Amino acid sequence: MARKVSTRSKIGFTIAAWVVALILFFPILYAFLTSIKTEPEAIAGFSLWPSGTLENYVTVNTQRDYFKPFMNSVVLSVGSTILALLIAIPAAWAMAFSPTKRTKDILMWMLSTKMMPAVAVLVPFYLMFRNAGLLDTRFGLTLMLTMINLPIVVWMLYTYFREIPGEILEAARMDGASLWNEIVYVLTPMAVPGIASTLLLNIILAWNESFWTIRLTTTNAAPLTAFIASFSSPQGLFWAKLSAASMMAIAPILVLGWFSQKQLVRGLTFGAVK
Amino acid sequence: MATQNTRNLARVMMAPSVFLLLIWMIVPLAMTLWFSFQNYNLLNPANVSFAGLFNYKFFYTDPAFFQSIWNTLVIVGGVLLITIIGGVAIALLLDQPIFGQGIVRILVISPFFVMPPVAALIWKNMIMHPGYGVLADLNRFFGFQPIDWFSRFPLLSIVIIVAWQWLPFATLILLTALQSLDGEQREAAEMDGANFFNRFIYLTLPHLARAMTVVILIQTIFLLGVYAEILVTTNGGPGYASTNLPFLIYRTALLGYDVGGASAGGIIAIVLANIVAIFLMRAVGKNLDR
Amino acid sequence: MGSISLKNVSKVFGEAKVIPSINLDIQNGEFVVFVGPSGCGKSTLLRLIAGLEDVSGGQIIIDGKDVTEKAPAERGLAMVFQSYALYPHMSVRNNIGFPLKMAKMEKSAIDKKVNDAAAILNLTDYLDRRPSQLSGGQRQRVAIGRAIVREPSAFLFDEPLSNLDAALRGTMRLEISELHNTLKTTMIYVTHDQVEAMTMADKIVVLNRGNIEQVGSPLDLYRSPANLFVAGFIGSPRMNLVKGAYAFGKSAETVGIRPEHLLLSKDSGLWKGKVNVAEHLGSDTFLHIDVEDIGMITARAGGEFACQHGDIVFITPDETKVHRFDTNGLAIRA
């Protein structure tokens, strides 16, 4: 629309938008402010002016053995993402470049596995993991996270691979490229952005997963989700420290999320909205 | 790339995904189905016997069961209502020319990336807490008594927390769809004499219909399984006031040690999810044919 | 170098017999154009020659060697795609040099060839840019450059000008023709635009539903179309086709006369009609006339011819330029 928008309406919309945005963001903002207050300050009542102390962050990182859950979150999200990519890339590739009549059915079936409610298979998995010695292990959890996100990873990669124009691959073939050369010099460079986007989204989904990571872990492999959940009835009041731990738990994913808005839309709508 | 060789290669490349997912799905599903017909209590693991439809009947006659189904529907329905209406409204707002668009978007989408336990904790201890919470302070400021949200309105509290988390998702999807609306269509409508309201009803809403369908279906799948927020705040209480079906199953299994009962509940949950799934598959499947 | 023969080539897609059977000989150095309406199989035929699709039957022979079973790269051909198909992540230099890299040529040799090709195509200043930074015409030239460096036996062009605007199309048409004059290599060019076909080709192959309707030089097709399809396809505006009494009078089922072979007069003539639409281009005037007992006739007058909607005009066909067609649509040659 190339018409002049009146500055008055622009300011009006801006104010409205900022009000809505700040209201939505407020809980996060307030948690952050609380995390840089001292404990007495934190329970003293509503205040937007913290003393700006970093003591809580220091405490959380040294005293509360925060490091282990944090590392678990990192290992689980990165590990399960890499594993999922290794399994999914060939599959999405085959489906995008050599589609058959079955391809669509297989994709829809994969989608349907994501719709199964986790709790319905809680008991079988709990028992199987217990009997196999996988309960509360990084390996077991990584496996679990890989499988539950595999459908989304395959779908996302499939939609990205399909966008690579077939004519460019034909041109490479006419230019004398063998299959290997085609993959190395043409296909992979063009697929990298799609793979990176999928990687980003999957790390976010795995990091935030809050069912299996809580139910299949106790101490060793518990990531941040389980760690924070264990504070649902905190003994002793330490809001400030809890806020600091919470901020550290969500900060990496918040930042990643800010940069992956487009990927989120594509990945979680299974390509239906782009 | 359509020779016999490449076709075989393609099958090999797809095999791991298909095989792994198949096993991952079928084995536990079969086990759940099997357990649902057994008397199996984890406190007495040696004593397993065939129970027929007992577990299902037990669930059916348990008042907590219907309460949990109702609660599940309230959570799903409530969150959908808030996120769709709110999502459309905010998307329309963000589609207008405003200063600082980028930052506004970042602020609006942030709640979605907060892990559910943290979200629940923040709302429980900092916002809704009757002693130290912001809402309590607000109430006192206006001379009212602070509300104990989780005692008086447990289900509503859960709905608010979950809606806060999912509103950004709906907004983002709807905004994306909104921005794909052809500017020329808007101009044609203006020439045809349609004001903003008319354009919204006859042009914008139909265009958004598809995106809204996708949002509703995808959110429903996830909302049917709300768990961590309940675990961290009310634990399903008081009584069963904020227990949804997943939470009831969890309680039956791991707090009541009743594997048979929990499995029966699980099968029921699967049936519920499948009903929604059918609609989602159709919507997504249509996109594949494009 | 550069002679191609198609013997009984056929192609089936599932149930559809897209190309029943084609026999064609292309001489070395010829500029051959495959032309026809959408879906006539011209692009399919090109892709069969290139090796991007397998034939369902028949043989393809290049320079005396049967290449029917050979992969595209082994046929010694180069193709320019409709969408150019440039590698978006490579510079122009690397795009043009890619085929040479695949052939494991030495870097210094590659550089020389790339620079030579760039010089011919005026791309020297753009060698380090990416395709996304180029205009449509420049991308077109990069695609051609990539084909040139392979020094193929023949160039294959798949509707290369469809994505360009009208002015650019005219310029590129000339450039490709000049390229052919310089390199003297066989070129097979696919288009649906009969103007491109007429202006660029040594030999035109008119295709319809997978069959060859006629093969000949542009003027051959213009002067002596073998059937109704070719008669109606070649020539713009379309040839007028007249049935009924006038055709019977000439011992034919249908009679064809081109708009430019009709003499117009305000006073007298064989046919009398009323002007429906008059198109004044200055260089030509095209009149669409409703002729009594005949139907709608399009006539061309050179230069300016003053008349407008509703005027009465008289038309006289040039008897020496009348084409006669029998009940099967085939031309009757006296």
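In case you wondered, yes, glycine gets a Cβ from its N, Cα and C as well.
TrEMBL labels come from automatic prediction, so no person has curated them.
The domain 'ABC transmembrane type-1' annotation in TrEMBL covers A:70-260. Taken from TrEMBL, the feature transmembrane segment covers A:12-33, A:74-94, A:106-127, A:139-161, A:182-207, A:238-259.
Of the candidate ranges A:74-94, A:106-127, A:139-161, A:182-207, A:238-259, A:238-259 has the most C-beta pairs within less than 8 angstroms of the transmembrane segment (A:12-33).
Residues 73, 76-78, 80-81, 84-85, 89, 145, 149, 152-153, 156-157, 160-161, 163-164, 168-169, 172-173, 223-224, 252-253, 256-257, 259-260, 262-264, 266-268 of the same chain lie 6 or more positions beyond the ends of the transmembrane segment (A:182-207) yet place their CB under 8 Å from a CB of it. Counted over residue pairs separated by six or more positions, the transmembrane segment (A:106-127) shares fewer than 3 Cβ pairs under 8 angstroms with the transmembrane segment (A:74-94), which leaves the two as not touching. If one looks beyond the transmembrane segment (A:139-161) by at least 6 residues along the same chain, the residues whose Cβ comes under 8 Å of a Cβ in the stretch are 72, 75-77, 79-81, 83-85, 87-89, 91-93, 95-97, 107, 110-111, 113-114, 118, 125, 129, 132, 191, 193-195, 197-198, 201-202, 205-206, 209, 212-213, 216-217, 221, 223, 263, 266-268, 270-271, 274.
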